[in-house]
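One structure below.
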Amino acid sequence: MSDNNQALKDAGLKVTLPRLKILEVLQQPDCQHISAEDLYKKLIDLGEEIGLATVYRVLNQFDDAGIVTRHHFEGGKSVFELSTQHHHDHLVCLDCGEVIEFSDDIIEERQKEIAAAYNVQLTNHSLYLYGKCGDGSCKGNPDAHKRKN
């Protein structure tokens, strides 16, 4: 927990119990790409008494401080993930809503080439690919979007 205390201090935020609890939940492997509402439900399941308004406020503070990255996927709901992860892009299934993270060196290099062709030096980028399940089997099937090769 002291690492989280230091992370909050390094980000210029006061260490409070709600911030610590929210950060702990965000660090759980099953809490990547989590909405404020789902994070709130997770906190309730853990017996934490943190209001939904506080969850929204803390997530906005974390976003401003660079602790989390906010994504606006199809459907209008914001989801959050810790910013400490390596760069990756996202593939979103419009049928089931699953968000798949991927990295591809060829795509990364091509984006740099395109920017250079327009005399722009990239500082950051986001790539979101949207699609539908190839065979319609994804709803209720946790293995539907496993990488095939």
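Glycine residues also receive a Cβ, built from the backbone N, Cα and C atoms like all the rest.
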**Request:** For the Fe cation site, Swiss-Prot lists H87, D89, E108; sort out which one of H125, H145 goes with them.
**Result:** H125
**Fill in**
Cα-Cα, H87 (Fe cation binding site) versus C96 (Zn(2+) binding site), nearest Å, comes out at 24
**Complete:** CB contacts under 8 angstroms to C96 (Zn(2+) binding site), restricted to the same chain and 6+ apart in sequence, sorted by sequence, are C133, C138, K139, A144, H145
